[in-house]
Amino acid sequence: MEDFVRQCFNPMIVELAERAMKEYGEDLKIETNKFAAICTHLEVCFMYSDFHFINEQGESIIVELDDPNALLKHRFEIIEGRDRTMAWTVVNSICNTTGAEKPKFLPDLYDYKENRFIEIGVTRREVHIYYLEKANKIKSEKTHIHIFSFTGEEMATKADYTLDEESRARIKTRLFTIRQEMASRGLWDSFRQSERGEETIEERFEITGTMRRLADQSLPPNFSCLENFRAYVDGFEPNGYIEGKLSQMSKEVNAKIEPFLKTTPRPIRLPDGPPCSQRSKFLLMDALKLSIEDPSHEGEGIPLYDAIKCMRTFFGWKEPYVVKPHEKGINPNYLLSWKQVLAELQDIENEEKIPRTKNMKKTSQLKWALGENMAPEKVDFDDCRNISDLKQYDSDEPELRSLSSWIQNEFNKACELTNSIWIELDEIGEDVAPIEHIASMRRNYFTAEVSHCRATEYIMKGVYINTALLNASCAAMDDFQLIPMISKCRTKEGRRKTNLYGFIIKGRSHLRNDTDVVNFVSMEFSLTDPRLEPHKWEKYCVLEIGDMLLRSAIGQVSRPMFLYVRTNGTSKIKMKWGMEMRPCLLQSLQQIESMIEAESSVKEKDMTKEFFENKSETWPIGESPKGVEEGSIGKVCRTLLAKSVFNSLYASPQLEGFSAESRKLLLVVQALRDNLEPGTFDLGGLYEAIEECLINDPWVLLNASWFNSFLTHALR
């Protein structure tokens, strides 16, 4: 039956049913008929609600899924399928906003047109018997009852069927189909009887004669009689069964299930080698901004105009020179490229009208930096089919790198607060459904905690840079276009601010496929001296380009200003994902919501307000060598956001592989902590799969280090 349910119903419905059974302490492996009944009831509730909307005139209308009008208000609020706490929160909110009488039991739906709660019943018995049982239980004339059966019958309060005939016919057809599918698999009789709690034939009668002989003949191979088979099933040990099955599959497979104990797991081995280097597409904690407040200049909002205005705010330019060369690059070319940018920006300022975009002259230094004419010539395969020694290039294995402290510092910095506001509260219309009040409250609290966060700045910076680069790649394919790296924010006082981080020069960009690469040179301002952590800046040539006066406790101090220059590349698909970094905010909000839900279900009321306003309470943030780190709810929000943002900034195959494989080990460890006595086979193979993803990526190496801290403290 369980297999049938998983095949027959939408995975979302199955998941909700699993959650409901778990909430009431029922085992779906044992109560399989109940599992099927819950899924059926959920599906009927969803079908009841589907396609029914209320238009601006307050009339009920039916709208198909692909109709643009689907943004209308839903006619029905679905209460069934939510966890108890959230369901009661929705019911209370509906009662408060509509004046409806609060029901004693949780109903399934609320009808905004008829202004009444609805109890949906799905029965395998006579509809009128089930209707009377429901009515006696509810004892309220205010809640409307609507019963469906698997035979196509229905019954509703005062014969008011709420929906049109076609909508009800869809539900009846679906129930009839489920019944037929169950019957074809021999599941229907057991399912039908289970609603009445009838005893099965085996319990009532001793099986004798022909039926007994048929039972003995219907057993799997190697069983001589029904008693033997029953004894086998009663003493069934799944672990041994899996071993046996695996050994039948292949002579090579010899899996012995080993118990997983506290002493079983070992730490993940991190690679040795030179320290890992920075590989993000733009500088993070080391970035420096040239900013203008309350921009009101001519052409404000046009990137090139904004960039020139920001450049004019700095007066400490000096003759640039290389302070940290790139080991494999032609460093004078990077120096000449920066001088060319300065010269061409000066030329623009001397013109009467500043152009909207700037294409750089194709000088030898830029051609070199952008890899112009460096790609090997492509030859049609048919022209070289007959070459006997045709072979692919031998590619070198990537060099193993060790974890370096800078990536933990980057992450810590991403969790910190800045002096600026990087996102506004969404201008979302008035809440329509009661559940939206809670959602809005949570969103507003969360936004207040993360709007000043440096990780949020990285989101807005990443979105801007990737959007500008993709636009330029499509609009000026052959040009070396100069793209300012800009972001917008507000000061704490609410004044608008435009920031310039540096410039990008893009190369030729005839991007036919999603993975075709466009080369670019990035030039970014910074106050970080690269000589302090030279291994971090392996891929960069760093110039000293000026001196900046900074206010400090002892007055004004002069600090050298650096320019971090490197050749880089990206593709259409990477730029697309870079443009879509905003969902990182949503992902971390959902993680916080699940924490609130857990707390609310324990306290049996919505805990959103207490969660965010109780500043004295601390929450677990993560593992470190010292143990479980804790912090305020704001710190938790910002840490979750930073993790999501870094997953986007440092996305790579190594990260995908590590996340997927380490999750398996994590689940086994969690099962051990929950006293579920997990067993494993080929644990060495799992460690191998995890460790082959640890090559040179700083973010993956840091996650592996965190995982080891978790293992240490989880298994004490």
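The chain as shown is numbered from 1 upward.
Yeah, the Cβs are placed from backbone N, Cα and C, and that goes for glycine too.
Marked as Mn(2+) 1 binding site by Swiss-Prot on the basis of sequence analysis: His41, Asp108, Glu119, Ile120. DSSP classifies Glu119 (Mn(2+) 1 binding site) as strand under the three-state reduction.
Of all Cβ atoms in the protein chains displayed, 23 besides its own lie within 10 Å of the Cβ of Asp108 (Mn(2+) 1 binding site). Here Swiss-Prot flags Glu80, Asp108 as Mn(2+) 2 binding site.
Remote same-chain partners of the motif 'Nuclear localization signal 1 (NLS1)' (124-139), defined as residues 6 or more beyond its termini with a Cβ less than 8 Å from a stretch Cβ, comprise 103-105, 145, 147-150, 153-155, 191-192, 195-196. What Swiss-Prot records for 124-139 is motif 'Nuclear localization signal 1 (NLS1)'.
If you look up Swiss-Prot, you'll see 184-247 marked as motif 'Nuclear localization signal 2 (NLS2)', on the strength of similarity to another entry.
Put simply, Glu80 (Mn(2+) 2 binding site) is 5 Å from Asp108 (Mn(2+) 1 binding site) when counted between their Cα atoms. Highlighted in sequence order, Val44, Cys45, Glu80, Pro107, Leu109, Ile118, Gly121, Val122, His146 have their Cβ within 8 Å of the centre of the Cβ atoms of His41, Asp108, Glu119, Ile120, the residues recorded for Mn(2+) 1, and are not part of that set. For Ile120 (Mn(2+) 1 binding site), the same-chain residues that are 6 or more apart in sequence and have a Cβ closer than 8 Å to its Cβ are His41, Val44, Cys45, Tyr48, Glu80, Asp108, Leu109, His146, Ile147, Phe148. Close to Glu119 (Mn(2+) 1 binding site) in the fold, though at least 6 residues off in sequence, lie Phe105, Pro107, Asp108, Lys134, Ile138, Thr143, His144, Ile145, His146, each with a CB less than 8 Å from its CB.
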